[in-house]
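Undergrad: In case it helps, TrEMBL gives these features for our protein:
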DOMAIN    22-461  domain 'Amidase'
ACT_SITE  76  active site, charge relay system
ACT_SITE  151  active site, charge relay system
ACT_SITE  175  active site, acyl-ester intermediate
Ligand code: GLN
C-alpha cells in the first residue's frame, strides 16, 4: 500500500477503495511483526477489529462519518480508556482499570477513530528514553540497539515503524517532541490549555499537555481538530476558536521572521545535529523567511527550574498512590508499613528519586530557596519569550542536542538524561506551543527541528511545518512498512 497522508487514507475510506477493517488488520499485522522486538505497545486491544467492522457497516449504510472515522490510533499508557488497563508504565498501576474515558478518548471515540492499544512509556512519564518503564524498554525503529527517546517512546516508535499512522502521548518537558525527534516523526506540544487534561494521569499539572504524534504536520493538524477545545472537566482549557483545518493553512513562509536563539547552540551539542539544523534553517531562508539571531537569556536556568517544579508537582500528584485507594498494595498489614511498602515496591527508582527531590523542594525552610525561586525563574523564561515575540514570529532551533543514544548508556547518569531535555522544557515552562519535525540524519539517525511561537498560535506552527515538509521529504523516510 502506498497510502501516505491521513487525507489520502480518509479519501480511500470514503470512496471505499479500502475498508477500516483492512486498515486495522494491516496495523495489527505490523504490530505483530515488529512489536516483539520494538516493544512499542504494552497491550493491543482485542476489540479493535470488531470496531472497524462496525464502522465499515455504518459507512456502507451511507451514514455520514467523521473524515478520520475508521483510522487506527494508539494511546500512551497514561491516557484513560474506560474499562482498559492504564498503568502509566508502572508496577503501581499494573492492574488498574480506567473507570472512565479521558476527554481526548471520548472525542476520538465520537469521531470513530479505532484505538488499537496502549503504548509503552517511562514510568509516570518520568524519563527521556522509555527505559524507566516497569514493562521493559522500547527500542528505536531505526536502530534497535538504541532508545526511542521518552517518555512517550512507545507512541513515537509505533508511528515511526508504521504500526499506526497516529498516536497520542503527553508532553510535560518534551516527552512527545524529543521521541518524535529521535524516531524521525512529527510531534506537537500544544499550548497549555488547548487540549483537556481530564483523564490524563497527572505528572506536573502546570506543565502537562496531551500531545499528538504523526507522520506529517498536516496529519498532526487533522488529529488536533478532533482532540482540542474547551472542556468543562478541565478548568484550565481555554475557550477558543479551533485551529485551522490543514487545507486552509498557507504553505509559504515568505516574510515570516524566525528567531534563532543564540543560547541554543551551545557547547556539548552534537556538531552533526547542529549542521542539519542549520541546513534546515537555510532552507527556510531560501523559501523567503527572514532569519534573525535572538536571545533567551534565562535559558541556562531552565533545566534547573524545570527539575524543581516538575518533581515538586509530581511528588504531590503521586501522593494518591498509597496502597489503599487503588493500585499496588503490599502484604504489610500495619498502617505505616503498608504505605511504606506499597510505595517502595510499587514505584521504580526514577519515580522515587523525583518524589524525594520534589518533597524536599517543597518542605518548610526550603520552599523559598528552591520551589519559589524556580517559579520566579519560570516567570523570567516566559518574559524572555514575550520579548522575542516583539522581534520575530517564531523561534526555530533543535529539538534535541543529540540523536538516539544506546540503550543503557545514560541509565546510571540521571543528569546526562535530564540534559537531553534542554531545548524542549522551556516551551512547557512558558506554556507556549512547540512543534518538532524531522530535518535529516546525523550518524544515520533522525534529527529534529523545533519551532515555537506565541500562546495559541498553533496555526503558525502548522504553516511553518507544512511549508518545510513541502520542501523536503525527511518526514517520508521511515523504517519499515508504511500503511
Ligand atoms: N524527560 C522529561 C522528564 O523526565 C520530560 C518528561 C515528560 O515530558 N513527561 O521530566
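Yeah, the Cβs are placed from backbone N, Cα and C, and that goes for glycine too.
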Undergrad: Can you list which of these active-site residues (76, 151, 175) have a Cβ closer than 6 Å to ligand 1?
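TA: Among the active-site residues listed, those whose Cβ sits under 6 Å from ligand 1 are 151, 175.
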Undergrad: Measuring CB to CB from the residue listed as 'active site, acyl-ester intermediate', give everything in the same chain under 8 Å that is also at least six residues away in sequence.
TA: 122, 125, 128, 150, 151, 152, 169, 211
Undergrad: With the cut-off set at 10 Å between Cβ atoms, which of these active-site residues ends up with the most neighbours? Options: 76, 151.
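TA: Max Cβ neighbours within 10 Å, all protein chains included: 151.
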Undergrad: Taking all residues of the domain 'Amidase' (22-461) together, what is their mean pLDDT?
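TA: Averaging the confidence scores along the domain 'Amidase' (22-461) gives 96.
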